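Visitor: A single structure is presented below for examination.
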Amino acid sequence: MTLRASPGHGDRPERDTPHADGAEDESRAGGPCGDAVPTATTGALAPRARSAAGPLLAAACVLIAAAVCWKWVVLSNGYFREDDFEYTVRGFENALDLDYLTRVHWGQLMPGGFALAWLLARVAPYNWELTSAITLAGHALAALAAFRMLRVLFGSRPAILAPLAVYLFTPLTLPALGWWAAALNLVPLQIAAPMAVSAHVLYLRTGCRGHLWAATGWITFGLLCFLKAGAIPLILFGLTLGWFAGRGGTGGAAALKDTVWRHRRAWTMYAVPLAAYAVVYLSRLGGSGTRISVTALGDVAEFARRLITETFPATAVGATWDWSPVGTGGYALAAPAAPHLRVALAATVAVVAASLLLSRGAWRAWALLVCYLVCADVLPIALGRLSPGSVGLAGAETRYTADAAFVLMLCLSLAFLPVEGTERRVTPLRRLTARAAVPVTAVALTAFTASSLWSGTRLVAAVDGRPARGYVETARAQLAAASHDADIFDRPVPSHVAGPLFGAYAHTSHVLAPLAKPIHRRTMRTQPPSEHPLVLDDTGRLTPLSVRGTRRTPPSGLCWPQAGNAVDIPVRGMTAAGESTHIVKLEHISQSEILVSIAFGRGRISTAIPHGLKATTFGVTGGGGARLRLIIETPGSSVCVTAATVGVAVPKR
């Protein structure tokens with residue numbers, strides 16, 4: 001893919017506008033806002049550029065609208081999954097306080113995302129259309145921020161639409177946008193990163209401290225939603241070092257010294273939100289269950305190799321025509337076939353080679369991209385989530401590189417387009433190929449877009465959110481129609497909603513709490529004694545409860561023997577299969593209603609045994625042990641317990 005740039009002359013430096021250093025010298029900058037800096041260096045548009053800005057913005061908006069419509073089609077086939085349900089439940093169950101907002105979830109400190117989850121859990125729980133609309137609205141804002149950044153960096157030239165199109169249509173971001181928990185991280189970063197770059201570049205050009213504060217604010221905003229926003233200063237440093245360091249294109253140690261020292265105020269300010277984030281993160285990490293650990297270096301190297309040399313290039317250029325569904329099919333990993341991977345690598349090499357042939361400094365852009373991939377996408381996973389058994393799956397996870405789509409756009413632009421206000425060493429080949437740049441770029445973009453659209457189509461075919469959606473919507477209707485005196489008990493939700501890994505947040509008492517009436521939320525949590533308990537089956541329908549376990553009857557006679565006011569029933573070997581709450585069903589005969597208390601392990605409940613031949617089912621939290629004891633509290637009364645079952649709640653067949 002070749003982008004058209006201003007043609008060079010021989011091997012002379014290419015220059016768009018007078019160079020401005022973005023100095024720390026505020027006397028030259030004309031005060032704290034740099035009012036005396038010439039218009040060309042402030043990012044303001046010259047008359048000719050201003051006349052081109054309108055059509056350029058219109059073209060960008062058309063591209064953004066087309067990409068958002070395409071992604072709406074992709075997202076409409078998905079639904080909430082796993083972490084999404086936990087986020088909603090925690091938002092519903094907790095107050096909007098610091099304890100809730102600063103909880104570290106699987107290594108992520110994301111108070112901004114948790115705040116949005118808290119709001120949606122109360123306003124519209126499990127409304128996929130609203131959630132998708134919010135996600136894509138944020139993504140559209142991110143695209144506008146990216147377009148603004150390209151104009152700030154490269155001016156109002158039509159060539160900036162090419163990298164913008166790559167950013168908008170690369171399949172890199174599709175799986176992450178379709179998983180709400182990931183989108184809560186990704187979308188704010190997509191907004192924060194280009195806005196921070198724009199502000200930083202304007203600061204470099206003008207010395208205006210307002211831009212510096214703006215860049216710091218955008219870094220802070222990104223950190224409120226995603227750990228990887230900590231890599232934004234890395235991008236800003238690399239951009240400054242490669243394209244804004246010193247006068248006259250100095251390089252090497254002089255450029256590094258110039259970058260570090262002359263812009264020390266910027267790096268100091270950017271370090272403040274990073275330090276604050278690190279303090280909060282480390283203080284909350286201990287109680288989160290997440291541990292920082294490093295697996296074998298060989299595993300890290302294999303993960304990095306697969307992520308950077310297979311998954312990223314194949315998905316970035318739209319060559320991922322095959323996706324591998326994960327679990328029950330609500331999500332998919334990149335699984336490019338070998339021929340498609342070879343095509344992707346060939347395309348990647350061709351783009352990099354073309355940029356190097358056209359501009360001798362293009363290598364800096366690709367070095368920045370690789371540095372970002374290693375620091376932002378490989379190291380965080382290697383330090384917290386990588387295990388010997390997950391290297392292959394982690395290496396195929398496009399969610400880990402979705403944030404790099406923005407960096408790809410930036411580096412692609414830097415490799416081919418001259419930054420306004422900087423000098424650029426070009427090669428003689430640029431002049432020879434200037435006329436061919438537009439048709440070559442058009443053909444490459446057409447092929448890329450077609451391949452990306454097909455990749456998205458294949459992703460839609462691989463991901464199926466209908467089972468989870470069907471379960472939740474059926475349960476929503478059933479719970480709304482249930483009478484207030486219905487005793488609804490707890491049980492695990494189907495695996496296509498959330499698996500056992502999520503513990504209590506994979507149970508109906510939590511997952512469906514935002515949809516249930518208060519009385520039913522209480523019965524699902526306490527599971528009080530009931531003659532006719534109900535549970536939700538795997539389709540979301542209310543059905544009578546059955547206890548899956550061993551039914552114990554007396555070794556002789558009709559009743560378990562009563563000694564004084566107590567009945568002891570041996571239940572050794574009868575468990576709740578790892579559940580914290582045991583479901584107990586007692587079958588009994590009583591001449592009158594009597595009060596009893598039931599002890600099972602550390603669990604204890606009190607209830608009334610009704611008159612006649614009945615069965616009472618209840619939950620005991622903390623239960624366990626070899627004996628179930630029933631103590632009769634009504635003096636002079638007795639009860640005949642004919643059978644006892646201890647186990648887990650299942651729908652009655």
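Yeah, the Cβs are placed from backbone N, Cα and C, and that goes for glycine too.
Pasting the relevant annotations from TrEMBL:
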| type | residues | note |
| --- | --- | --- |
| REGION | 1-36 | region 'Disordered' |
| COMPBIAS | 9-28 | compositional bias 'Basic and acidic residues' |
| TRANSMEM | 56-75 | transmembrane segment |
| TRANSMEM | 126-147 | transmembrane segment |
| TRANSMEM | 159-181 | transmembrane segment |
| TRANSMEM | 218-245 | transmembrane segment |
| TRANSMEM | 265-282 | transmembrane segment |
| TRANSMEM | 341-358 | transmembrane segment |
| TRANSMEM | 365-384 | transmembrane segment |
| TRANSMEM | 404-420 | transmembrane segment |
| TRANSMEM | 432-454 | transmembrane segment |
Visitor: Quickly jot the same-chain residues contacting the transmembrane segment (265-282) by Cβ under 8 Å, restricted to those at least six beyond its ends, or write none.
Guide: 24, 102, 104, 109, 200, 203, 212-213, 215-216, 219-220, 223, 227, 230, 232-233, 236-237
Visitor: Where, among 126-147, 159-181, 365-384, 404-420, do we find the most CB pairs under 8 A to the transmembrane segment (218-245)?
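Guide: Out of the listed stretches, 365-384 contacts the transmembrane segment (218-245) most.
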Visitor: For the transmembrane segment (126-147), name the stretch out of 56-75, 159-181, 341-358, 404-420 with the most CB-CB pairs under 8 Å.
Guide: 56-75
Visitor: Let me spell it out: take the transmembrane segment (56-75), skip the flanking residues so only those 6+ beyond its ends count, and list any with a Cβ under 8 Å from a Cβ in it.
Guide: 132, 135-136, 139-140, 143-144, 147, 151, 156-158, 160-161, 164-165, 168-169, 174, 177-178, 453, 456, 459-460
Visitor: Counting only residues 6+ away from its ends, which parts of the chain sit with a Cβ under 8 Å from the transmembrane segment (365-384)?
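Guide: Sequence-distant neighbours of the transmembrane segment (365-384): 107, 227-228, 231, 234-235, 238-239, 242, 290-295, 300, 303-304, 307-308, 312, 352, 355, 394, 400-401, 403-404, 407-408, 410-415.
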